[in-house]
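Q: Starting off with a structure, shown below.
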Amino acid sequence: MIRAHSVESVRAAEAAAMAQLPEGELMSRAALGLAEVAAARLADTDGTTVVGLIGAGDNGGDTLYAVAHLAESGFACAVVLVPASGREGVHAAGLAAAEAAGVMVHEAAGAAAAAAEVVAEADVVLDGIVGIGGRPGLRPDAARLVDAVDDDAWVIAVDLASGLDPAGEEGEDDAVWANETVTFGTPKPVHLLPAGEAATGRLTVVDIGIDVDDVPPAVERLTWDDVAGLWPVPGSGDDKYSRGVLGVVAGSEAYPGAAVLTTTSAAEAGVGMLRYVGTPTPVGLVHQAVPEAVVGDGRVQAWVVGPGLDTDADDSDARTQLDAARAALASDLPVVVDAGGLALVEGRRDVPTVLTPHAGELARLLTRLEAAAQGTDDATSAAPEPGPSTDDARSSVNRPAEVTADDVKADRLGHARRLVALTGATVLLKGATTLVVTDGEPVRSQADAPPWLATAGAGDVLSGVIGALLAAGLTPHDAASLGAMVHGVTADRVSGGGPLRALAVAHGIRPTVRDLLARGRSAPS
Ligand SMILES: NC(=O)C1=CN([C@@H]2O[C@H](COP(=O)(O)OP(=O)(O)OC[C@H]3O[C@@H](n4cnc5c(N)ncnc54)[C@H](O)[C@@H]3O)[C@@H](O)[C@H]2O)[C@@H](O)CC1
Ligand SMILES: Nc1ncnc2c1ncn2[C@@H]1O[C@H](COP(=O)(O)OP(=O)(O)O)[C@@H](O)[C@H]1O
Ligand SMILES: [K+]
């Protein structure tokens, strides 16, 4: 498990460590680790020149000491002091160390063009403008220097890419775009969250001796080695019922294939037994594709409701299936709700529930539930109608604003949290980075899949895996995050760099789980 800690937790751990250590020791360790990484990249790329961008805080201090080490190792090193106050504004002892090591010092203040030329010559750029003390965004003078970086230069962000929000809550277009980030002590939330992950690049954590083992993380990411500890492996006393029976209400005459994808992936994930509830066409397909599934209602330990469900269909078979979907949602059993099933969610959920929207589905659900919570009409009519009567005009003023998919994409975590607050459910928000948010738990953030996974039906496969894990007794938080991780890793293996189709991902789940479990058995304890 990768754990990222909040800025407050990091500052507290740093203070505790500093109290036990000589002054400057943490910064010295940070700088040495940073210099080692930079030296390795210079060796990899046959680079010779290093430029450090130096801001006003300790992030600049780390960078000055690191550049001093690199100069002592024989690299051609320069620093550009970014603050308007020049030398007065930067870490004095770090600057003295750099100068003593022969580092060229340039002040951007009053000489912006000359400073930009220095930056443009660098093979490796160390971004020490701001770290965990930074506010989101770059000031214009800093942004101009960052723009001057050569496209072929290797950019190493010190602690975090300057301009990002350290907490990863706010997205920021105006930030350093790093090839790599060298962080200290523990990852920060921004490194793992959609708002900062792309600008972070490859992440290396330098151990500087701060202790956060007992400090609750803000964000977590499951890794391959977590599978052996979390995956439900049957014991000799188990039978198919004790392992967990999953009921699937999915597929319709309009979208029959979703039923095949969801039941196939649940079977591939090793569920004890599957029950399937659907209309005639998907029932026929499931019989053929997943002969182990039992058709019809019955006792189960968890439900998947919604992939390919057509909530607009009105024939008697569809109505029977929708009744089963509503009954599953009204039962006290754990449930995964996806796609069409999301339209049946009414508000607070008092039973273990995983909602698995993509950005557009989350936007629609939030719009509807927030309108309902405020006692207004379904907010599909959230926009004011032309020429309203006085009463209509008053009620439209009170309606909550419609949430769009673009709103969600601009702040994925914030919107996922809003749905958690409204429903009490675990919310899994799909995307290149999939977020799993549960009240009272660290956010789980998984980024295991290639973009090829953005293909129709991939979400149906995900719901089957999560359903199998819920039926086996995992918590919604673990089932959702472990399911997302295995789904993503499977997609990566099956893709191998090329196109993917959803059914191939479903068929890849079994060998992926087998290999991840074997890895756990062979890992040193
Ligand atoms: N406290 C410690 O002992 C350690 C601190 N470390 C380093 O110290 C950093 C934190 O240092 P600080 O608390 O001094 O803070 P920072 O160096 O991250 O930034 C604070 C300075 O940046 C300026 N600033 C803030 N937002 C800005 C923006 N958007 N554009 C331009 N300037 C901006 C502020 O005015 C302030 O002067 C960490 O990220 C890490 O690199 C490491 O050396 C490890 C040990
Ligand atoms: N750019 C991306 N990179 C990696 N995975 C992605 C990307 N975009 C979407 N995904 C994943 O692809 C799957 C798509 O699911 P979904 O949108 O529900 O499709 P469908 O409804 O057709 O089944 C999700 O697991 C999502 O996390
Ligand atoms: K930085």
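Cβ atoms are placed via backbone N, Cα and C, with glycine included.
TrEMBL annotations: computationally assigned, not manually curated.
Predicted, not measured: the structure shown is a model, and the values here were computed from it.
Sharing the feature lines straight out of TrEMBL:
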type	residues	note
DOMAIN	10-216	domain 'YjeF N-terminal'
DOMAIN	223-516	domain 'YjeF C-terminal'
BINDING	A258, G308, H358, D460	(6S)-NADPHX binding site
REGION	373-406	region 'Disordered'
BINDING	K430, G431, A432, T433, T434, G459	AMP binding site
Q: Work out how many Å separate G431 (AMP binding site) and D460 ((6S)-NADPHX binding site) at their Cα atoms, rounded off.
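A: Computed Cα spacing between G431 (AMP binding site) and D460 ((6S)-NADPHX binding site) is 14 Å.
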Q: Among the binding-site residues listed here (A258, A432), identify the one with the smallest other-Cβ count within 10 Å.
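A: Among the binding-site residues A258, A432, the lowest count of other Cβ atoms within 10 Å belongs to A432.
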Q: Out of T433, T434, which has the highest number of nearby Cβ atoms, where nearby means within 10 Å of its Cβ, if these are the binding-site residues?
A: T434
Q: Starting from the Cβ centroid of K430, G431, A432, T433, T434, G459, which together make up the recorded AMP site, report each further residue of the same chain whose Cβ lies within 8 Å of that point, ordered by sequence.
A: H358, L429, L435, A449, A484
Q: So which binding-site residues out of G308, H358, K430, T433 are up against ligand 3, CB under 6 A?
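A: From G308, H358, K430, T433, counting a Cβ under 6 Å from ligand 3 as near, there are none.
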Q: Which binding-site residues are spatial neighbours of K430 (AMP binding site) here, meaning Cα within 10 Å, out of A258, G308, H358, D460?
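A: The binding-site residues passing the 10 Å Cα test are H358.
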Q: Looking only at C-alpha atoms, tell me how far T433 (AMP binding site) is from H358 ((6S)-NADPHX binding site), rounded to the nearest Å.
A: 11
Q: Taking the binding-site residues A258, H358, G431, A432, T434, which residues show a Cβ-atom distance to ligand 2 below 6 Å?
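A: By the Cβ criterion, which requires under 6 Å to ligand 2, the hits are H358, G431, A432, T434.
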Q: Checking your reading of the structure: which of the binding-site residues A258, G308, D460 lie inside a 10 Å Cα sphere centred on T434 (AMP binding site)?
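A: The binding-site residues close to T434 (AMP binding site) (Cα within 10 Å) - there are none.
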Q: Taking only the residues in the domain 'YjeF C-terminal' (223-516), give me the average pLDDT of this model.
A: 93
Q: These are the binding-site residues: H358, K430. Which one scores highest on other Cβ atoms within 10 Å?
A: K430
Q: A 10 Å Cβ contact count, applied to the binding-site residues G431, G459: which residue has the minimum?
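A: The binding-site residues G431, G459 were compared, and G431 has the fewest Cβ atoms within 10 Å.
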Q: Widest Cα span across the AMP binders K430, G431, A432, T433, T434, G459, in Å?
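A: 14 Å is the greatest Cα spacing among the residues binding AMP.
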Q: Long-range same-chain neighbours of D460 ((6S)-NADPHX binding site), Cβ under 8 Å, sequence gap at least 6?
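A: Correct list: A250, G257, A258, L261, T262, S265, P307, G308, D338, A339, A502.
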Q: Once A258, G308, H358, D460 are set aside, which residues in the chain still have Cβ within 8 Å of the Cβ centroid of the (6S)-NADPHX site?
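A: Along the chain, the qualifying residues are A250, Y255, L261, T262, G306, P307, D338, A339, G340, A456, G457, G459, S463.
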Q: Can you give me the Cα-Cα distance between G459 (AMP binding site) and H358 ((6S)-NADPHX binding site) in Å, rounded to a whole number?
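A: Approximately 9 Å lies between the Cα of G459 (AMP binding site) and that of H358 ((6S)-NADPHX binding site).
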